[in-house]
Amino acid sequence: MKIPIYMDYHATTPVDRRVLEAMLPYFAEDFGNAASKSHAFGWRAEEAVEAAREEVARLVGASAKEIVWTSGATESDNLAVKGAAQFYQSKGKHLVTCKTEHKAVLDSMHALERQGFEVTFLDVEKDGRLDPARLRAALREDTILVSIMHANNETGVVHPIEEIGRITRAAGVLFHCDAVQSAGKLPFDVEDANVDLASLSAHKMYGPKGVGALYVRRKPRVRLIAQMDGGGHERGFRSGTLNVPGIVGFGKAAELARLEGAAEAERVLALRERLRKGLDAGLDLLTVNGSLAHRVPGNLNVSFAYVEGEALMMAIKDVAVSSGSACTSASLEPSYVLRAMGISEDLAHSSIRFGLGRFTTEEEVDHVVRLVVEKVRKLREMSPLYEMVKEGVDLSQIEWANPH
């Protein structure tokens with residue numbers, strides 16, 4: 001077993017060796033620009049790019065012409081949300097999203113608010129899922145876009161996107177879905193979900209960093225305002241020379257996910273349950289954050305009451321985990337996702353996100369269980385609050401001298 005152990009698969013995944021092998025020729029031998037139409041170097045690059053486009057499209061049930069290459073999911077989210085809102089603003093300026101979305105969507109929405117759009121930020125249920133009835137009630141005559149993710153990046157909780165898609169389609173409202181954490185791990189089909197726009201990322205499915213895609217529906221055609229000016233690449237949606245090796249890697253990663261994803265999900269789910277049951281057997285006052293029934297297979301987001309998440313992360317420093325999203329973990333604020341689920345600030349501060357994936361082993365899971373149980377017990381020994389609770393004191397009845 002190699003130390004350190006990687007259990008942060010929602011932040012990024014290692015590039016699969018088969019993906020790397022597919023990419024290598026496009027760095028030095030077949031190095032052409034896919035937009036160079038006048039010679040064989042360009043033709044070979046373009047051929048590879050189009051083959052990858054087919055693979056990514058097949059993974060999500062789309063046609064290749066509906067896949068637009070980007071630099072990653074953040075760009076895909078920005079292009080979808082801002083591009084659609086700006087194009088369709090003559091029909092209305094009301095947008096709907098959810099309080100637990102990724103920052104790339106939330107901050108795009110805030111940027112649009114500054115441009116005069118009105119945004120409704122929906123609450124989620126205690127289990128982290130969006131109740132479709134809340135969405136239905138929020139739609140108005142001037143609503144033009146709904147943006148709801150498929151699976152949450154912190155809790156792994158899966159929203160009922162098929163039902164959401166039926167509601168938006170019936171209302172004639174565009175539906176953008178951030179499918180970054182689900183594509184390749186769960187079945188995700190743009191037709192089944194009535195999705196009009198979907199964000200995808202290579203590095204969340206064992207592909208390279210710095211390459212993403214945006215699915216843009218053609219029937220009925222969805223229009224966007226480009227967010228970057230330039231040579232009009234990608235049918236005018238996204239200018240810029242294509243990252244050919246990265247795109248080839250994305251294509252291979254998508255192919256592997258399509259062929260092996262179901263079997264892999266089963267294996268990873270068994271490992272996740274082994275981790276959960278092991279922690280549960282060794283510790284009390286342990287809370288799983290978010291629905292277990294509706295969740296990506298490799299996610300376990302747990303709060304260890306009376307233990308600071310940051311302190312536990314330092315105590316298990318040879319295990320790579322996170323306390324929240326990698327995009328916001330520089331902040332010491334408790335996770336906004338957990339707070340939106342109604343989880344107390346103290347419990348949110350004590351949360352750890354374990355992300356398991358393709359290269360996680362049983363041996364690693366068992367080692368992590370032993371280590372976490374040992375360190376949580378040790379940290380709780382230093383907690384007077386934990387001691388009081390064990391002695392039967394109801395902390396909610398205590399009047400503190402200096403309430404924090």
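Cβ atoms here come from the backbone N, Cα and C positions, even for glycine.
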Handout entry: Ala73, Thr74, Gln181, Ser201, Ala202, His203, Thr241 bind pyridoxal 5'-phosphate per Swiss-Prot; candidate in Asn153, Asn289 listed for that same site
Key = Asn153
Handout entry: Most crowded position, judged by CB atoms within 10 A, among Ala73, Ala202 as binding-site residues
Key = Ala202
Problem - Taking residues Ala73, Thr74, Asn153, Gln181, Ser201, Ala202, His203, Thr241, which bind pyridoxal 5'-phosphate in the record, the widest Cα spacing (Å, whole number) - result: 29
Handout entry: Fewest other Cβ within 10 angstroms of its own Cβ, chosen from the binding-site residues Asn153, Thr241
Key = Thr241
Handout entry: Mapped DSSP class for Ser201 (pyridoxal 5'-phosphate binding site), helix or strand or coil
Key = strand
Practice task
Using all protein chains in view, find how many other C-beta atoms are within 10 Å of the C-beta of His203 (pyridoxal 5'-phosphate binding site).
Solution key: 23
